[in-house]
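Right, one structure below, let's go through it.
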């Protein structure tokens with residue numbers, strides 16, 4: 001009797017306990033899904049918005065933020081929300097491309113340094129140190145200039161300067177895993193180098209790579225915006241976020257604060273979303289934080 | 001017979017010798033104790049015997065031949081710290097099956113619960129994890145076991161449980177076991193013969209075979 005009475009009471013409690021046990025994992029997954037949707041939303045927004053709102057409407061010039069124009073309008077009456085979304089989408093795409101190329105370079109060099117060691121390692125670490133010792137922005141400007149500026153210049157400059165920290169992380173991970181007791185033991189259990197690379201190294205390196213790549217995005221995007229802001233990045237007729245911010249500088253002193261503040265907040269949110277995504281992915285990949 | 005003949009080892013060309021002219025041999029089914037204070041090169045000697053380090057001089061032989069370089073090594077070393085000897089990103093089931101999957105009888109003897117298998121290493125205690133690390137090499141392909149301070153960090157109950165399980169395996173498979181420890185009472189309980197490493201610092205001439213060791217008590221349990 002007691003069993004039949006107890007069991008229906010127990011099962012909701014049990015479900016609640018299971019829910020609570022999974023809560024942290026679900027929160028992590030939820031954060032990843034939210035962050036991805038937000039960023040994807042920004043990237044694809046121009047295709048949904050079309051060209052509407054980008055044309056000049058001189059009757060609606062310099063309007064502060066309102067329900068009709070959440071980000072206000074500029075000195076030509078263009079809707080700033082739409083301009084910002086267009087600009088950020090372009091900047092994100094440029095940043096994604098540059099960061100991905102950078103991550104590829106970083107992974108390749110990091111793996112080579114960690115695996116081959118010796119003079120290969122010394123040369124790669126020396127290059128990394130050279131990159132670290134130069135002021136980042138100066139290097140970006142130099143490379144962007146050298147390859148001819150424009151969108152191509154920005155992508156190449158950002159891609160060539162952002163791989164260093166990831167290369168270091170990957171190299172350290174390879175060295176640490178290779179010298180660990182469990183890899184030595186694995187050899188004595190009769191496993192080949194290829195097997196060890198596949199089963200011992202990959203589970204350590206892939207999470208570092210993915211998290212490193214995602215945490216590279218905000219850097220790449222901010223530097224792309226910075227280059228465009230000082231006028232050697234994307235060409236001025238493209239609505240990139242750096243161009244929008246640079247234009248707003250001319251109007252700040254006249255009291256049109258929303259021209260700079262609103263796109264700035266949107267850029268900040270996008271960068272923060274990448275950061276959030278990276279941190280949550282990291283905790284999902286690490287067995288110590290992914291359970292329970 | 002696993003033999004180490006006049007083994008010399010140092011970690012670098014300019015560094016002092018860690019292992020100097022040590023010789024020892026262990027037969028199948030024999031339990032040999034190796035005792036010395038800290039810093040006398042016990043662990044290094046264990047690594048030389050298991051083929052984890054190549055000796056600078058001298059050689060380790062298994063039944064008259066050098067240790068095999070490829071495939072499952074018949075000489076297996078069990079590390080002192082199980083946290084470092086398992087991949088933290090693997091589940092216990094995968095860790096146990098990396099070599100040859102261990103028999104259920106040995107898992108039971110070591111008190112390994114099936115509930116542990118789906119967990120990650122950090123979700124087990126040190127003693128539980130050490131049992132996993134031991135069970136991983138308890139299969140018929142292991143001919144010699146080198147236990148380097150295998151139970152030094154564990155409580156008495158777990159120690160007893162682990163050694164019972166390992167000794168059962170050693171007797172059944174006629175495996176040679178080298179127990180490296182500084183715990184004299186433990187060695188006296190376990191071993192057929194105990195070697196005490198003396199004087200790890202002064203160089204010994206190569207000719208004097210076995211000078212580094214003083215065979216002591218022969219236990220009659």
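Keep in mind that glycine also has a Cβ here, set from the backbone N, Cα and C atoms.
Annotation comment: TrEMBL describes A:88-278 as domain 'ABC transmembrane type-1'.
Outside the transmembrane segment (A:29-49), and at least 6 residues removed from its termini, the chain residues within Cβ reach (under 8 Å) are 82, 85-86, 88-90, 92-93, 266, 269-270, 273-274, 276-277, 280-281, 284. What TrEMBL lists as transmembrane segment is A:29-49 (among others).
Residues annotated as transmembrane segment in TrEMBL: A:90-111 (among others).
For A:123-147 (among others), the entry in TrEMBL reads transmembrane segment.
Using a Cβ-Cβ cut-off under 8 Å and counting only residues 6 or more beyond its ends in the same chain, the transmembrane segment (A:201-221) has close neighbours at 91-92, 94-96, 98-100, 102-103, 106-107, 111, 158, 162, 165-166, 169-170, 173-174, 177-178, 267, 270-271, 274-275, 277-278, 281-282, 285-286. Residues or ranges marked as transmembrane segment by TrEMBL: A:201-221 (among others).
Feature annotation from TrEMBL assigns transmembrane segment to A:227-246 (among others). Remote same-chain partners of the transmembrane segment (A:227-246), defined as residues 6 or more beyond its termini with a Cβ less than 8 Å from a stretch Cβ, comprise 54, 83-84, 86-88, 90-91, 94, 140-141, 144-145, 149-151, 153-154, 157-158, 259-260, 263-264, 266-267.
As annotated by TrEMBL, transmembrane segment applies to A:255-274 (among others).
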With the cut-off at Cβ under 8 Å and a gap of six or more residues from its ends, the chain residues touching the transmembrane segment (A:123-147) are 109-110, 112-113, 153-154, 156-158, 160-161, 164, 167-168, 171, 223, 226-227, 230, 232-233
Outside the transmembrane segment (A:255-274), six or more residues from its ends: residues with CB under 8 Å to it
35, 38-39, 42, 62, 64-65, 70-72, 74-75, 80-81, 83-85, 87-88, 91-92, 214-215, 217-218, 221-222, 225, 241, 244-245, 247-249
Mind checking which residues of the chain, 6+ beyond the ends of the transmembrane segment (A:90-111), have their Cβ under 8 Å from one of its Cβ atoms?
39, 42-43, 46, 124, 127, 151, 154-156, 158-171, 173-174, 205, 209, 212-213, 216-217, 219-221, 224-225, 228, 234, 238-242, 267, 270
